[in-house]
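Take a look at the structure set out below.
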Amino acid sequence: MNLHEYQAKQLFARSGLPTPVGYACSTPREAEEAASKIGSGPWVVKCQVHAGGRGKAGGVKVVKSKEEIRAFAEHWLGKRLVTYQTDANGQPVNQILVEAATDIAKELYLGAVVDRGSRRVVFMASTEGGVEIEKVAEETPHLIHKVAIDPLTGPMPYQGRELAFKLGLEGKLVQQFTKVFMGLANIFLERDLALIEINPLVITSQGDLICLDGKLGADGNALFRQPDLREMRDQSQEDPREAQAAQWELNYVALDGNIGCMVNGAGLAMGTMDIVKLHGGEPANFLDVGGGATKERVTEAFKIILSDDKVKAVLVNIFGGIVRCDLIADGIIGAVAEVGVNVPVVVRLEGNNAELGAKKLADSGLNIIAAKSLTDAAQQVVAAVEGK
């Protein structure tokens, strides 16, 4: 679960980290009033969406008058912002952040993720702030400096100083950087985060550090013990199909193709998308129904897949390990009949009672095509989309 920039900065401020004075606003009038609270300009106005690339899309602007603030708010509030990180529909702008402008001398980067290889929280710092860290990692990886947090000791001040020295910081900036590092690390651990990022962390013209941007990603599996983070969730920024899937414990990610995919197991789901692509098809989604593929969950999965108007056929790929394929077949038949599926459905069953499951599908009288193998399933669903 992602948070908005203004929410991330609220958490930063509570931990004593330096952030610009700013207010999240839902109306043009609130935006003007926020500017008055902040004081004399210039100000920075930012669209609040769960996506990067806002500046290039016109969603961030430096303004010098309240009239410009009102015009920016009137233009964006209630609209959708499209960036290189969103789909073609973009994301809704329900709030804008009005902040005091900052005089920037240098931009840095500081962030942390969970590194599954080392099983540690790893902090990354770079002198290349204001740039996507993925781009820095690809083009100039030597400019990214890392430290891993030992789970027994937790974050240590010397690690912050080590990163500061590698960034070429001196004097009071080393102390300030160490404070920011320790604050971020504590937020990461206490809030059960999966990602935390300040990009850029800037050195002002007065020689101080300030968190100019903030990005937080919470671990969805830990939200049950983070009630205040749950309250910060903005479902308007999420794909409604993904939100509906989460309610049924289905893992769904919307894609741009026209072949709906329903699979049990994340690895098998990725392999299914690969083989569909290999045979010339375009997956419309990733959907993992998990090990408990009951009739109810299969029915809900069909509803979610078919709510995408682009879907022209559905491929169901089930491996019966613990679950029995004949019971899965009953669920598929019931779901197709209940939902009223009007597109071809190709089903591949393998494993426990697969032959019995295939027979049930064949005898159902519904528009269900039983595939003999995964390759056959991919070929048949692609052919169905192409009208062959």
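Placed from the backbone N, Cα and C atoms, the Cβ positions cover glycine too.
Source: prediction; values computed, not measured.
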Message: Among ASN251, ASN258, ASN264, ASN367, which residue shares the substrate site with GLY321, ILE322, VAL323 according to Swiss-Prot?
response: ASN264
Query: Between THR102 (ATP binding site) and ILE322 (substrate binding site), what C-alpha distance do you get in Å?
result: 58
Query: Largest pairwise Cα distance, Å, within the listed substrate binders ASN264, GLY321, ILE322, VAL323?
result: 11
Field: Where the record names LYS46, GLY53, ARG54, GLY55, GLU99, THR102, GLU107 as binding ATP, the maximum Cα to Cα distance in Å
entry: 19
